[in-house]
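Annotation comment: TrEMBL describes Lys10, Asp135 as active site. According to TrEMBL, the ATP binding site annotation covers Pro93, Met94, Gly95, Gly96, Gly97, Leu98, Gly99, Gly100, Gly101, Ser102, Ser103. What TrEMBL records for 65-142 is domain 'GHMP kinase N-terminal'. For 193-256, the entry in TrEMBL reads domain 'GHMP kinase C-terminal'.
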Amino acid sequence: MTLTLPAPAKLNLFLYITGRRDDGYHNLQTLFQFLDYGDSLAFAPAPDGELRLEPNLPGVPPEQNLIIRAARLLQSKTGCTRGARIRLTKRLPMGGGLGGGSSDAATTLVALNHLWQLGLSQKQLAELGLQLGADVPVFVRGHAAFAEGVGERLTPATPPEPWYLVLAPGIEVATAAIFTDPELPRNSPVLSLEQRLSLPWENDCEALVKKRHPEVAKLLGWLLEYAPSRMTGTGACVFATFDSREAAEQALNKAPAGVSGFVAKGCNTSPLFGALRQITDN
Ligand SMILES: C[C@@](CO)(OP(=O)(O)O)[C@H](O)COP(=O)(O)OP(=O)(O)OC[C@H]1O[C@@H](n2ccc(N)nc2=O)[C@H](O)[C@@H]1O
Ligand SMILES: Nc1ncnc2c1ncn2[C@@H]1O[C@H](COP(=O)(O)OP(=O)(O)O)[C@@H](O)[C@H]1O
């Protein structure tokens, strides 16, 4: 039996940095929403207990791939000795602020919990996920959320679900490099969700990323001509909101040379759980 499940992208509809902790991590206030577009993973049981991932990602040794790390973490926490062959269809640009690696890890935790019949709760999986990355818990929980702390304190939210055009400038932005930059603003006020929703939605990393990466500044400038636009996460991808798929596709067709992108719908429920429910109901 092969279990094929999506690993959707996320957008940070806003992102504020409210301080830095003693361990160097930053406290955030951010609004996560999923997209109906992302990577796809197929899981098959391996009789020999081995974990195998195909294909490898360029520049990422298998043992550092978040998919293998998630599977190993699950094995070590539960003592499970079963294996899996995992096939990854990578669609999300890496280092794009779309959370592809984190989403791959979350889908792996959810899928192998099912395939290996481990019976861990969603809460237990989210706690394990946090050890892999600050963004993993929201993908495990599967609901659009206002996130605080380093991203682990989640309050479900229901922002509008528009069409988005997401554009990738063709560069990777390293999250760690942005968070260690002395020029990053770190003093946004801690506000309630209601206050945050009612104020303009902004991203505290955007000005710095634009300064360090002129490709992002140029692309955002181009996109703003069409619709309200922002950067997601620590970049490099930017997104704009449209009322219809057609309007977003028209803008995509005019995208500058060297820029890739896609049109997707915002979803407050992760496509991962719709797909899993279809499988478990059948
Ligand atoms: C800030 C966000 C917003 O979604 O950026 P993107 O990565 O999506 O662009 C994420 O929370 C990122 O989450 P994730 O990509 O999982 O980060 P991690 O692997 O946990 O951390 C990568 C590095 O970023 C820094 N980091 C990350 C999260 C955070 N709240 N404070 C930090 O200072 C740390 O220096 C850490 O070494
Ligand atoms: N399965 C994976 N998919 C993508 N990146 C991965 C994966 N496993 C490890 N990584 C590493 O994580 C880094 C950030 O990945 P990604 O999630 O795509 O970006 P972001 O956090 O900006 O959304 C990559 O540059 C890569 O080195």
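Positions of Cβ are set from backbone N, Cα and C atoms, glycine also.
With a 10 A radius on its CB, Asp135 (active site) counts 27 other CB atoms from all the protein chains. Regional average pLDDT for the domain 'GHMP kinase C-terminal' (193-256) in the model is 96. Taking every protein chain shown into account, Pro93, Gly95, Gly97, Gly99, Gly101 are the binding-site residues, and of these the Cβ with the most other Cβ atoms within 10 Å belongs to Gly97. DSSP places the residues of the domain 'GHMP kinase N-terminal' (65-142) in helix, strand and coil in these numbers: 44 helix, 7 strand, 27 coil.
Taking only the Cα positions, the spacing between Lys10 (active site) and Gly99 (ATP binding site) is 6 angstrom. For Ser103 (ATP binding site), other Cβ atoms within 10 Å of its Cβ number 29. The DSSP secondary structure for Lys10 (active site) is strand.
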